[in-house]
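Accompanying notes for the structure given below.
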Amino acid sequence: MPSAENQQQLDIAAERAKCTFDPSQLTALFYGGEEKMKRLKAIEAMVDREPVFDRTDRYFLGRTERFKRALPMVKRYVELRNEHGLTPEESAHFKVYIDDYIPVHLHESMFLPVLRSQASDEQLKVWGPHAENYHYIGCYAQTELGHGSALSRLETTATLDLATDQWVINSPTQSSAKFWIGTLGKMANHAVVQAKLIIKGKDYGAHPFLVPLRSLKDHTPLPGVVIKDQGPKQGAISMDNGYARFNHVRIPRTNMLMRFSQVSKEGVYSKPIHPKLAYGGMTAVRTTLINHSALSMARAVTIATRYSAVRRQGNVDLKTDLETQVLDYPAVQYRILPLLSHAFATIFSGYWMNEMYAQYNADITKGDTSLLKDVHVYSSGLKSYCTKLGADGIEEARRCLGGHGFSLFSGMIDFHRQFLATVTYEGENALLTQQVSRYLLKLYKDVVRKPDMHLSPPSRYIVSLVDHERFVQQRCAARSMAELYHPEIVLKAFQHRAARLIFELAQAEKQGAQWSDLNLECMRLSKAHVQYIMIENFHNGLEKRYNVSSNPTPEQEALLAAIRSVYNLHVFYTLETELAEFLEDGYFSPEQAAWTRQALKDSLKSVRPNAVGFADCFGFTDKFLNSALGSYDGRAYERMAEMTEYEPLNGKEMTDERGVVWGYEEFLRPLIFGEVGPYKARKPESKL
Ligand SMILES: Cc1cc2nc3c(=O)[nH]c(=O)nc-3n(C[C@H](O)[C@H](O)[C@H](O)COP(=O)(O)OP(=O)(O)OC[C@H]3O[C@@H](n4cnc5c(N)ncnc54)[C@H](O)[C@@H]3O)c2cc1C
């Protein structure tokens with residue numbers, strides 16, 4: 001009989017043997033196409049060759065050590081970026097693959113995008129080369145100690161001094177200090193600071209200003225600027241999120257970012273053609289967070305699936321005397337496999353969002369802002385939904401791994417801690433749902449007034465509310481469980497539910513409810529609308545990419561069948577989780593609810609044989625996963641033991657050559673030899 005270790009290799013090989021499709025056919029989907037995948041894989045190999053990015057002992061390092069390790073990474077990253085002329089997309093992948101937030105992260109992820117989108121062409125001519133070449137290292141400073149989501153309440157001011165043609169940047173109180181600003185604490189020499197623009201006593205609201213923070217000669221903080229690292233946090237350990245206060249710091253008037261609003265020498269303010277234009281940078285980052293969510297879910301699924309396939313526990317097969325692979329327990333499948341389906345759903349919606357964003361960017365150069373609202377709303381809604389899906393789903397998958405999932409060696413913890421912040425930054429998730437709902441509510445009101453108005457495809461279903469009497473008669477058309485699998489029936493159901501929630505929100509508002517009392521309705525509606533577009537995007541993307549020809553090869557058929565099973569799992573998991581909202585107005589019958597539950601169980605069963613194939617299809621390298629439990633070869637137990645070799649507590653500093661721990665003589669020996677005195681039971685009347 002093979003040892004437990006060898007059995008793990010046999011198990012993972014058996015899983016691969018029973019996979020019905022070739023996993024490598026799907027990898028390019030997650031890399032954005034074949035061509036791009038080749039380039040990005042070459043970048044991964046480049047990172048793996050560089051000792052400075054080695055992650056072998058990363059899990060053992062504290063904050064200061066991680067920051068110190070990150071500094072040489074920053075230098076080497078910029079050297080390689082320059083040497084190989086990496087595009088922004090390739091650079092972004094480089095940093096994803098390093099798998100640590102190097103402390104200049106915000107320079108490229110926020111500072112540069114905001115500068116590119118909000119500085120005027122003349123300003124970009126001057127600042128652009130400095131910023132692109134890391135001569136200027138920048139951060140984006142919006143949040144304050146006392147003010148986060150409510151941008152209009154920021155306290156930092158930029159007051160125009162007409163006499164000197166300068167802005168005076170001031171943070172008058174402790175609550176006005178900038179806080180949480182990535183790359184600010186130690187690294188940045190410039191910040192885009194959001195401050196209230198004040199001219200002759202009039203407040204024009206928050207605007208962005210380029211503010212020098214540290215000397216370009218020797219990196220010392222400039223006069224009037226107090227900067228510190230803000231201290232330890234949940235994730236992003238190597239990042240120097242920072243605190244800053246400005247004491248009447250003077251910058252030239254022309255340091256206001258002037259693509260959309262301008263202020264003349266005479267102090268005349270011109271406002272942007274569209275008030276939301278100023279949020280362009282945020283929209284771009286939200287769009288990337290959708291793709292980042294897909295990647296993070298896929299990563300957790302890879303580890304959890306591979307480990308659950310090689311972990312045997314519980315019920316014993318009497319013929320083989322082997323315990324059951326835990327992935328065969330439905331309770332384990334139910335907590336891991338839906339995350340796989342969400343990763344796919346998210347990647348298809350990421351493609352959809354990227355296309356919309358690219359179109360918007362092309363339009364905006366011609367002064368056409370018609371897509372602005374959609375881009376803003378869908379990037380907000382998807383960011384809010386997908387990051388939550390990831391944050392919750394990854395934790396659920398981790399718990400599924402039992403005790404070993406609690407070890408950092410699992411590879412499930414370090415990256416998840418970093419990922420958790422995505423639900424908060426770039427718009428706090430719950431708040432973003434209000435923007436989505438407000439937009440849908442407005443569309444509904446408009447469409448009731450003008451039923452033939454143009455609606456973009458994802459919101460066209462709102463028209464069904466115009467004839468409300470007919471709307472309330474709608475019922476799900478499925479007459480059998482098999483019919484529930486028809487995409488049009490499912491999509492109709494999700495449209496109906498979202499439309500009903502829009503109507504109810506409108507009614508509540510009509511009856512005088514305050515907007516602030518409608519938070520829960522907004523969360524429900526935004527989720528309903530986003531779940532609908534996620535399913536629609538998944539379905540459309542799948543048909544467009546994989547339903548290739550009328551005469552498919554057996555390989556193509558197998559691939560399509562496999563990925564359709566994942567689509568069904570996403571649909572039925574989502575439907576089952578939200579069943580109450582389909583039942584409460586009678587759209588679903590109790591029988592249809594029961595079919596949904598059964599369809600979910602069936603979907604789990606049909607994905608199960610291909611689970612390891614799907615885990616492989618994402619194309620993660622073992623180096624990137626940095627996981628004892630989820631490596632390609634399945635040698636989980638051996639790797640768990642091997643990784644303990646790097647634990648400093650097992651090293652020379654903490655354990656001598658005899659295997660005795662540091663401090664034994666002073667602290668342990670006295671206990672063992674009874675030198676601390678005997679235990680005496682305390683008498684009831686005696687005090688401590
Ligand atoms: C790791 C990390 C990195 C960051 N990096 C940066 C950075 O580089 N630059 C930067 O400027 N900022 C950064 N931030 C800050 C981040 O953008 C803010 O934390 C975020 O915008 C939320 O603001 P807040 O923390 O003030 O939360 P708050 O606004 O105080 O929210 C607290 C709670 O109140 C709720 N709430 C608030 N207002 C309402 C309302 N009107 N209706 C209903 N509920 C409401 C929220 O939903 C939330 O649950 C970072 C944050 C983190 C965690």
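Backbone N, Cα and C define each Cβ position, glycine as well.
Those TrEMBL annotations? Automatic predictions, nothing curated.
According to TrEMBL, the protein carries these features:
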- 22-137: domain 'Acyl-coenzyme A oxidase N-terminal' (DOMAIN)
- Thr143, Gly182: FAD binding site (BINDING)
- 279-441: domain 'Acyl-CoA oxidase C-alpha1' (DOMAIN)
- Glu426: active site, proton acceptor (ACT_SITE)
- 487-671: domain 'Acyl-CoA oxidase C-terminal' (DOMAIN)
With Cβ-Cβ distance below 8 Å and at least 6 positions apart along the chain, what are the contacts of Thr143 (FAD binding site)? List them in sequence order. Lys178, Phe179, Trp180, Ile181
In whole Å, how far is Gly182 (FAD binding site) from Glu426 (active site, proton acceptor) when you measure between their Cα atoms? 12
What average pLDDT does the predicted model assign to the domain 'Acyl-coenzyme A oxidase N-terminal' (22-137)? 96
Let me check the 10 A CB neighbour count of Gly182 (FAD binding site). How many other CB atoms are there? 26
Using DSSP with the three-state reduction, classify Gly182 (FAD binding site) as helix, strand or coil. coil
Neighbour tally for Glu426 (active site, proton acceptor), based on other Cβ positions within 10 Å of its Cβ: 25
